[in-house]
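Here the structure comes first, spelled out in structure tokens, and everything after it is commentary.
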Ligand code: AVJ
Ligand code: FE
């Protein structure tokens with residue numbers, strides 16, 4: 001039998017305070033995103049791709065009730081009768097507006113009632129002994145779940161028509177980045193994690209991966225870079241597209257990133273209801289995997305694999321170990337990365353020198369999710385924890401992996417090991433990309 005040393009009372013209290021802080025931060029954001037619009041906007045469908053905002057809100061409360069009130073707390077259900085309505089697998093997003101959902105006032109009352117019970121559970125829970133509560137995992141999982149839906153709700157806001165209701169200060173200024181690309185030498189590195197307490201099941205376990213030498217861009221592809229592809233008629237030349245990507249481009253009639261428009265001979269983009277000139281130095285956002293792949297081919301490059309992306313982000317050649325984040329093991333601050341909806345747009349390239357990886361790759365965390373060329377699959381030794389519907393049921397080649405989080409992602413839901421996934425045609429998410437390529441023989445010396 002193995003025994004883990006008990007957490008001291010002080011460690012337990014620190015952990016409880018940290019949990020309360022991340023849960024409270026998530027709730028402030030959910031509240032801000034839902035209080036920003038009226039009841040009509042909360043209940044209507046802004047896009048067939050998205051739930052009504054009021055569904056996300058009550059679903060957040062329902063997940064919290066299932067895991068923290070009933071399972072961890074062993075308490076009586078608050079609203080067992082609504083479990084089915086808020087089970088994401090029972091009703092497709094497109095059908096959710098027609099369901100007999102809780103109205104805005106009821107949904108707000110429900111999430112508050114659940115949260116009050118959870119804070120009481122948190123006060124009394126023993127935070128060790130059972131995998132679900134070890135290191136307060138279930139609380140961390142639920143805080144991440146709420147923040148993931150907060151990012152989804154932010155994407156719904158981006159799709160919403162009407163006057164702007166969200167505002168945030170501009171991101172820091174960009175700067176000239178000395179090298180456009182870096183070579184990552186061949187060799188093994190540790191991918192995934194077995195030690196990060198709140199890492200989700202698909203990030204586990206840590207395992208050695210050999211990665212051949214590759215070259216990767218030091219910054220994400222910008223709107224200016226991408227505009228060159230648009231103006232070179234890249235959307236009209238099948239040679240840059242995969243057969244599936246081209247078929248989708250044809251069928252959907254796509255000729256530019258989502259939310260871009262040509263107006264009187266110049267390009268503008270709409271961001272949370274504001275039309276503005278295309279910001280040429282900002283990472284491009286709202287592109288699909290297919291568009292990312294086509295751009296990369298046109299540029300004579302390719303998308304990085306997921307392992308390449310993670311090695312560029314975490315591998316420290318000096319120590320041979322993998323870091324939690326590109327800059328080291330410290331949690332992200334405002335100096336490191338554009339996260340947490342602090343700015344409601346990606347920051348210009350070069351804005352985060354303090355967030356660079358040891359090899360000088362920047363803005364890997366935050367700004368825009370980055371498409372990789374990899375299918376979503378479990379790592380060797382993957383084990384479902386604590387439920388198969390978070391990751392396992394999505395392990396399939398029809399989903400592509402995205403990495404690094406966006407300006408809409410909270411730090412609690414973003415790590416060097418964090419894995420997101422979506423269909424390759426999706427672009428309502430805050431998705432961009434960077435390019436990679438095989439080294440030329442002379443670069444390998
Ligand atoms: C990890 C973003 C793909 O939103 O579908 C939310 C997160 N899982 N509720 C999603 C999630 C269950 C998930 N993604
Ligand atoms: Fe969910």
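Note: Cβ is positioned from N, Cα and C throughout, glycine not excepted.
According to TrEMBL, the features are:
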{"type": "BINDING", "residues": "59, 145, 149", "note": "Fe cation binding site"}
{"type": "BINDING", "residues": "93, 94, 95, 96, 422, 426", "note": "gamma-L-glutamyl-L-cysteine binding site"}
{"type": "DOMAIN", "residues": "23-153", "note": "domain 'DinB-like'"}
{"type": "DOMAIN", "residues": "180-437", "note": "domain 'Sulfatase-modifying factor enzyme-like'"}
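When DSSP labels each residue, the domain 'DinB-like' (23-153) comes out as 88 helix, 0 strand, 43 coil, counted as helix, strand and coil in that order.
Of 59, 145, 149, all annotated as binding-site residues, the residue with the shortest Cα distance to residue 95 (gamma-L-glutamyl-L-cysteine binding site) is 59. In the structure shown, across all protein chains, 422 is the one of the binding-site residues 95, 422 with the greatest number of other Cβ atoms within 10 Å. With a cut-off of 6 Å between Cβ and the nearest atom of ligand 1, the binding-site residues 59, 94, 95, 96, 426 reduce to an empty set.
Apart from 59, 145, 149, the residues listed for Fe cation, the same chain places the Cβ atoms of 56, 60, 63, 146, 148, 152 within 8 Å of the centroid of those Cβ atoms.
Looking at the domain 'Sulfatase-modifying factor enzyme-like' (180-437) alone, the prediction's average pLDDT is 98. Counting every protein chain shown, the Cβ of residue 145 (Fe cation binding site) has 19 other Cβ atoms within 10 Å.
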